[in-house]
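Student: If you scroll down you'll find the structure; I have some questions about it.
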Amino acid sequence: MSAAPGLLRQELSCPLCLQLFDAPVTAECGHSFCRACLIRVAGEPAADGTVACPCCQAPTRPQALSTNLQLSRLVEGLAQVPQGHCEEHLDPLSIYCEQDRTLVCGVCASLGSHRGHRLLPAAEAQARLKTQLPQQKMQLQEACMRKEKTVAVLEHQLVEVEETVRQFRGAVGEQLGKMRMFLAALESSLDREAERVRGDAGVALRRELSSLNSYLEQLRQMEKVLEEVADKPQTEFLMKFCLVTSRLQKILSESPPPARLDIQLPVISDDFKFQVWKKMFRALMPALEELTFDPSSAHPSLVVSSSGRRVECSDQKAPPAGEDTRQFDKAVAVVAQQLLSQGEHYWEVEVGDKPRWALGVMAADASRRGRLHAVPSQGLWLLGLRDGKILEAHVEAKEPRALRTPERPPARIGLYLSFADGVLAFYDASNPDVLTPIFSFHERLPGPVYPIFDVCWHDKGKNAQPLLLVGPEQEQA
């Protein structure tokens with residue numbers, strides 16, 4: 001105590017309330033507090049019952065801490081010293097030590113441990129330190145503002161996490177629900193098919209069984225007749241033998257052929273599981289978009305049907321395009337009336353045996369005038385067919401990327417767009433049960449887009465086939 005008598009009160013004061021300890025407790029990290037102060041400042045405990053130490057943030061359990069009896073006895077002894085007096089010399093604390101930043105008495109200042117330190121009368125020190133209060137208050141306010149911003153950010157992130165988890169669970173539940181529905185429907189369909197096969201096979205087998213039993217009965221009857229003839233006298237034997245053998249040969253020649261049953265059920269193998277997966281993949285696609293062509297955007301050579309789901313290039317000379325910037329004036333193309341801006345979308349286009357076409361999406365603010373530079377940086381994401389056999393992806397390059405040439409060009413194209421995932425995928429949708437991947441763009445779209453359909457020039461009748469938008473009731477060409 002004699003080494004630093006003025007510091008004893010500070011050491012026995014709670015860092016939270018700045019008063020002498022009241023029922024002091026010492027956390028696992030070594031810091032001590034009034035029990036009530038620790039519970040008040042720490043707030044609600046975590047799931048494991050711990051709170052963060054206000055001084056070092058180490059976890060501690062305030063309810064499990066016992067009162068520090070040594071600190072309590074020291075506090076009780078110090079409390080007997082009059083307020084504002086030296087604990088060692090009991091003289092008034094009238095001098096401020098700048099070096100140790102504490103109040104001391106005259107004896108400590110002149111003879112004790114603070115001798116030779118920078119000392120000020122208490123009144124002068126009070127006046128000088130008061131001038132520092134505004135700056136310290138400002139620092140405190142700035143620190144509070146920074147922490148409040150941090151708290152706001154964390155609270156916002158917490159809300160975002162909750163929303164993200166909610167959306168994730170919803171999406172998982174929705175997709176797995178669709179899978180369960182698909183598999184249940186498939187199981188029911190296969191069960192009905194198995195029941196049909198069993199019924200058909202049962203009818204055929206029972207019919208065959210009845211026929212064979214009837215034939216077998218005839219053979220047994222002939223066996224009895226032969227036994228009876230064997231015992232007949234010579235004349236009667238010879239007369240009946242010829243009749244019996246003739247009848248027997250006729251019966252033998254009428255023997256029914258063996259039954260041939262064609263039981264056709266799927267073989268449960270890895271290929272079966274793969275085929276089921278491919279069918280389920282198609283079933284999980286979003287509902288088919290009911291798109292229609294926008295006649296106001298169509299090149300003058302294009303003819304859009306009244307239903308808005310069929311477009312073809314006319315071989316008649318077309319008038320020049322007008323001044324409407326929504327209309328294509330060079331590219332023989334048209335966009336859909338529907339603007340897509342968020343979520344998931346899936347649509348299909350019947351291309352048939354058309355030898356040249358291009359499909360995809362176009363940025364809403366992309367220019368439709370002049371020759372189109374079909375690359376993503378210009379707001380166009382396209383896949384097309386050239387010369388009736390070469391599929392091309394219009395990527396960011398001087399020339400389109402030629403894809404693997406299919407044995408048979410797709411007659412129907414499926415397009416899947418996900419704004420959240422940044423995916424535009426193209427599929428061969430010719431098989432009504434299976435989608436076969438062709439190509440995918442993987443990038444976040446900069447904004448809303450229109451589905452675009454490049455019909456291409458009719459090429460003197462060689463490319464006159466129309467494009468059809470597939471809907472709930474597909475329009476026939």
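Yeah, the Cβs are placed from backbone N, Cα and C, and that goes for glycine too.
The shown structure was predicted, so the numbers you read here are calculated from the model rather than taken from an experiment.
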Student: Can you check which of 81-122, 291-332 Swiss-Prot lists as zinc finger?
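Tutor: Residues 81-122 are the ones Swiss-Prot records as zinc finger.
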Student: Quick one: among the binding-site residues Cys17, Cys29, Cys53, Cys86, which has the most Cβ atoms sitting within 10 Å of its own Cβ?
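Tutor: Selected residue: Cys86.
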Student: Take the zinc finger (81-122) and count its residues per DSSP category (helix H/G/I, strand E/B, coil), listing them in that order.
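Tutor: The composition, in the requested order, is 6 helix, 11 strand, 25 coil.
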Student: Provide the number of Cβ atoms within 10 Å of the Cβ of His31 (Zn(2+) 2 binding site), excluding the reference atom itself.
Tutor: 16
Student: Please report how many Å separate the Cα atom of Cys97 (Zn(2+) 4 binding site) from that of His31 (Zn(2+) 2 binding site), as a whole number.
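Tutor: If we compare the Cα positions of Cys97 (Zn(2+) 4 binding site) and His31 (Zn(2+) 2 binding site), the gap is 26 Å.
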Student: Cα-Cα, whole number of Å: His117 (Zn(2+) 4 binding site) versus Cys29 (Zn(2+) 2 binding site)?
Tutor: 33
Student: Taking DSSP as the reference, which of helix, strand or coil describes Cys144 (S-nitrosocysteine)?
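Tutor: Once the DSSP labels are grouped into three classes, Cys144 (S-nitrosocysteine) ends up as helix.
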Student: Restricting to the recorded positions Cys14, Cys53, Cys108, Cys144, which ones have a CA within 10 Å of the CA of His114 (Zn(2+) 4 binding site)?
Tutor: Cys108
Student: Other residues near the Zn(2+) 1 site, CB within 8 A of the CB centroid of Cys14, Cys17, Cys34, Cys37?
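Tutor: Result: Pro15, Leu16, Leu18, Gln19, Phe21, Asp22, Phe33, Ala36, Leu38.
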